[in-house]
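Novice: For reference, the structure I am asking about is given below.
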C-alpha cells in the first residue's frame, strides 16, 4: 500500500513538470575522515536516468554537484553552499552556459557574473508596491458611434469561439462555473426581490426579479461585448427605485407607468452616450469615489435590513425559546438559508414569506405589459426625463466600473473589451424591462469577479513547490447563458421558493451589506483610527504616507459620504443624489489635488487623468492581446 502511495505521488509530480525536463542533483555532506573539502561539478554527455537513487522522481540527470566537507566545518556553511548552487541552476543564463561550456573557467566566469547581478533581499516581510496601471481602457474615437463600431469589429471575429471555447480545456470547469453562477445569482435575485417587495409595496417583487434575471442575463450573454460581466440586481438600482417610488407617491402618480417613461428616457440617454463615446468619462472615477459609493450602498443595505426586520418583528415577535437561538448560532452562513428555512417549518414559527403568485403572473393584479398611457398627462412623460438622467448616471457607473475591473490587465483577456457595445445592449434591456414592469439589471461587481475566478486558466506544468502560472481566463458566453436560462426556469419553482421565510432572505441581504464593506480601503482606514500603532496592519500605503495625512484623507471621505447620505435621505432632493457622485469626482479632481501631494494620492487613491486626455479623441487602439504561456522552470533542483 505504501508503494502505491509513492507511485501516485510521483505521477502527480510528473504531471506538473514540462516534457523534456532534466534534473540537476546537488549532493552535500560532512565526513569525519576528511581533512579538506572535496568538490566536483559533473556534466553528463547524455541525460541519464538514475531513479530511484537520485532524484526522488524519475527524471534524467544532466548535472551533479557533489560537496563533502570535513566535520569540523560549520554545518550551515555546507548547506548554504548547496543552496547557492540551487540558485545558480535556477538561473536561465547560468544553465545555458553550463550546458554549452567547453572550458572550466567559463563556469567560473558565469558564477562571477551571477553574483555581480544578484540582488540581496533582507529577511523581512516583503514590501508590496503598488503597480500603477491606466484606470480605464476606454478611449474616444471622435466619430459618431465610432466606439460602438470598433467594438463590433473587435467582437465579431471572436463570436464563434465565444461558444466553442466553452468546450475547450476542462469541460467540467465550464459546467461547474455555470452551476455555481446559477446558485450565486438566483440567491441574490430572490433576496433583492424580497427587499423590493417591501420597499416598493409589491409593485416589483421576487417573480419580476427572477423573470428579469432570465431575460436580461440570456440576452446580455448572447449579444454583449464582455460576456464575463454578470447582470443582477444591485444596490444602486434598489436605492433609486425606492427614491422613484417615493417620488411618485408624493405626487400621486402611478408608479409603473411613470417608470416606463423613465426607462424610455434612460434608453435614449444611453444611446446618446454610446453614439458620442462618452463612456470614456468613467476614467475620471477613482478609488475615492468608488469607496464612498460602495460604503453608501453597503450601509443602505444594513439600514434597510434592520428596518424590515423591525417591521417583521412587530407582526411576528421574536420567540423566547432559547433552544432555537442556540441552534441558530451553531450554523455557518453557507447553509443559513436551508437551515433557517427548515427550522422555521419544524418549529412552526409564524413568520412572513415571499408573496409569489402560484401561477406565472405579476405579483399585483396587472397585465405583464405596462400601459404607457395610464398617466395623468403628457407632462408626466416629459417629467420622467429628469429622474431618467439621474438614473442613467447610476446605471453607467455600476455597469462601466464593473467592466473596468473585469477588463484589468491582470486578467489577461485577449478578445477585447466592448464597453460601448455593453452599454448599447443595456439600453435595449432597460426598454424591455420597463415595458414589462421588471427591474433594471446591470453588471454586478461581486458576481462578475466570481465568474472570472471560476474560469481562470492555469499552467498544467510547474516545478514541485512552484505555484501554477496564471495563463488567462476561459472567455466564452455559454456559462452566463446557461446559468440565466436556469434562473429564468426558476419562475416555475415558486412553490419551493415560497417556503423560504422573508427574515432569512433579509438576513442574507444584511450579510451582503456587511461583507461588501470589509475589503474597502476606506473601512480599513476607519478601523485604524481606533487602533494603537503597534497593532496597526502593515498596509502598503502605511509605509509611504504619514498617519496624520491618512486620517485627513479619511476625514474628507467621511464628509463626502455624510453628504451622500444627507441628499439620499432628504426627500425633497433625494432624486438628485446621483449628482453628488459627480460632485465627488470634481472634488477629487481639484480639492484633493491641492490638499495632498502626488505621492500621497498615488498611495491612497488612483491617479486622475486630465479631463482633456479623457475626452480628446484618440487613434484606434489595439484591443486584442497576445495570449502567451509563461515558461516553466526547466530544471528540477
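Glycine is treated like the rest: Cβ placed from N, Cα and C.
Residues or ranges marked as domain 'Band 3 cytoplasmic' in TrEMBL: 12-125. What TrEMBL records for 143-319, 323-608 is domain 'Bicarbonate transporter-like transmembrane'. The annotation transmembrane segment is assigned in TrEMBL to 175-195, 207-224, 260-286, 331-348, 377-396, 416-432, 478-497, 509-530, 550-567, 573-591.
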Novice: Other than its close neighbours in sequence, what residues sit by the transmembrane segment (377-396), given a CB gap under 8 Å and a spacing of at least six beyond its ends?
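Specialist: For the transmembrane segment (377-396), the list is 236-237, 239-240, 244, 247, 253, 257-258, 261-266, 268-270, 273, 279, 282, 423, 426, 430, 440, 442, 575-579, 581-582.
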Novice: With Cβ distances under 8 Å as the criterion, find the stretch in 175-195, 416-432, 478-497, 550-567, 573-591 that has the most pairs with the transmembrane segment (207-224).
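Specialist: Top-ranked stretch among 175-195, 416-432, 478-497, 550-567, 573-591: 478-497.
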Novice: Same chain, outside the transmembrane segment (478-497) by at least 6, Cβ under 8 Å from its Cβ: which residues?
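Specialist: Same-chain contacts beyond the ends: 163, 166, 174, 177-179, 181-182, 185-186, 189-190, 206-207, 210-211, 213-218, 220-222, 227-228, 230-231, 354, 356-358, 360, 451, 454-455.
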Novice: For the domain 'Band 3 cytoplasmic' (12-125), how many residues does DSSP put in helix, in strand and in coil?
Specialist: 43 helix, 33 strand, 38 coil
Novice: May I ask for the residues of the chain that lie six or more residues beyond the transmembrane segment (550-567) and have a Cβ under 8 Å from a Cβ within it?
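Specialist: Contacts of the transmembrane segment (550-567) (Cβ under 8 Å, skipping residues fewer than 6 from its ends): 288, 291-293, 295-296, 299, 522, 525-526, 528-529, 541-542, 573-574, 576-577, 580-581, 583-584, 587, 591-592, 595-596, 600, 604-605.
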